[in-house]
Amino acid sequence: MIALLSLYFTVVLNHPVLSKFNSIVDTVDTHGIVLKVICGLFLFFALNSIFSIIFSVYIPYLTKTILSVITLVSSIVSFQTLNYDVLFTDQMWLNIFSTDQGEALSYLNVSVISWVVITGIIPVILICLHKHQFGGPKHYILSTLKNILVGVLSLVIAGGLAFSHYKDFASIGRNNHYLQKMIVPTYPIYGLEKYIKETYFTKPIKFRDIGTDSHVVKADEGKKPTLFFLVVGETARTYNYSLNGYKGNDTNSYTQSLSNLESYRMVQSCGTYTALSVPCMFSNMTRKGYDANIAHYENNLMDMLHIAGIKTLWIDNDGGSKGVAKRISYIAINPKDNPKYCNGEMCYDTVLLKGLDKRITNMGTGSKVVAFHLVGSHGPTYYERVPKDMETFTPRCNRSDIQNCTHKELVNQYDDTIHFTDYVLSKIIDKLKTYEPKYNVALLYLSDHGESLGEDGIYLHGTPYMFAPKYQKHVPLITWFGDGFIKQRGIDMACLNKMALNEKSGLSQDNLFSSVLGLMHISTKLYNPSLDMFKKCSTDA
């Protein structure tokens, strides 16, 4: 059984990594078929060593349960890696456990269910039906010793195979670090163990009440207060924005003619998934220095606005703020309360405008910041993000197993979500304009991360940052300022336009923290003028 299980994992569940390895060998043409065969044999004997050790300490029911779980999880991981090029690191496990029910269900489709049944459930049934012979203590000891011996011999053979072409393996490994992250069941188990250790067994950090010196340095006395809308996008990539030079579908027809609106090109995200990017972009840390364990235990941008006396509110339509809004006023959109705007477990982003006037009134007087968290372009069920009467681009592919769509269909479907987000932004700006008689108004939109649409065989997002394609790391950043806001802040719109068109401006989510503090006249020692993107374009009159 051990040999069969090892062979099954090698040939079937590790097909993605072997296929990728073979493709790399074809490009470098290093010993060709010989290296491919040795790689397959190495993987077989390495897995045979692992499974032999597991069977050497065979415990009735428990061992089969462990193997069944490993097989089932490996089946799911294999599907995701094969079809979407997803790597199951500890960060991916964080992403998975941060997913709400509605989002999780969106990944279910005929393709994944069929794959898991054939490659996961059926093998698990066979494992459970396998009868392990028990012949008393002597037989158990001999069986244990035999499995240990087989495990050691398999490990020696695997080592010998690797050593026989060490230079070739080392060269390919150094240039393709992601290959080891594709191997099941070892790397997903390692990633899960690391996630559990860091999440549940790391000593909690004492909360740091940073930014308590935050205060408004220029009062609104004799002037209008400020109403600032901060819109957090979801899974929008800059490459599909007409405002940024996209030549495909016209995805920004609603906002492209608005005056005082700027769209900034080649803005870099902090991460490739929401659970990382959102806390990072609201923290006072930069991407390179970001530490999630610290960020979750100290104040962020929204906290500092609140400390400074700015009225703050977070309205969420995307499964939570990832901890950013846990100390300020927070409203989560409930699909059951909004049947007109919702479809099952998800709601269209237009729901964020429902009752907005009342919510703003309830915030009281003075300057206000309202954050909106959009569901935006979250896949793979892109078609569920856009109301039927707003679908624009054809042909399209209304299914969640997006790897079975043509590239044109998939792009059209994704572009529809960008177009609908553009519509939502235009309506939010229209709402802001109604407040201009009483407030100086402004909006900033920034997506959390991008998305892959099948380029180089990669789909969705969440690829480890160092391996992630540009499509997952470059996000749209849009600003719109009312005339009164521009005048009061002394903003040079020509300067902003020049910055927006500069693809080498170096803008990133690192700029959000200090830029918003600057716009809202907040002083704190944590403010970094070099990261305030508006400072050089403002005289702050």
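Using the three backbone atoms N, Cα and C, a Cβ is placed for every residue, glycine included.
As the structure is a computational prediction, the values presented were derived from the model and not from experiment.
Among the features that TrEMBL reports, transmembrane segment is placed at 35-59 (among others).
Annotation comment: TrEMBL describes 47-199 as domain 'Phosphoethanolamine transferase N-terminal'. Confidence annotation: the domain 'Phosphoethanolamine transferase N-terminal' (47-199) carries a mean pLDDT of 84 in the model.
The annotation transmembrane segment is assigned in TrEMBL to 66-84 (among others).
Feature annotation from TrEMBL assigns transmembrane segment to 104-127 (among others).
When Cβ-Cβ distances below 8 Å are used as the criterion, the transmembrane segment (148-166) is approached by residues 2, 31, 34-35, 38, 41-42, 45-46, 48-50, 52-53, 56 of the same chain, each at least six residues removed from its ends. Feature annotation from TrEMBL assigns transmembrane segment to 148-166 (among others).
Taken from TrEMBL, the feature domain 'Sulfatase N-terminal' applies to 228-522.
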Other than its close neighbours in sequence, what residues sit by the transmembrane segment (66-84), given a CB gap under 8 Å and a spacing of at least six beyond its ends?
5, 9, 12-17, 51, 54, 111-112, 115-116, 119-121, 123-124, 127-128, 182, 184-185, 188-189, 401, 403, 458-460
Intrachain residues whose Cβ lies under 8 Å of the transmembrane segment (35-59), provided they are six or more past its termini
1-3, 5-7, 9-11, 14, 17-18, 21-22, 25, 66-67, 132, 140, 143-145, 147-148, 150-152, 154-155, 157-158, 161-162, 164-165, 168-169, 183, 186
Beyond a gap of at least 6 residues from its ends, the CB atoms lying under 8 Å from the transmembrane segment (104-127) belong to 1, 5, 8, 12-13, 64, 67-68, 71-72, 74-76, 78-79, 83, 345-346, 378-381, 384, 399-401, 403-404
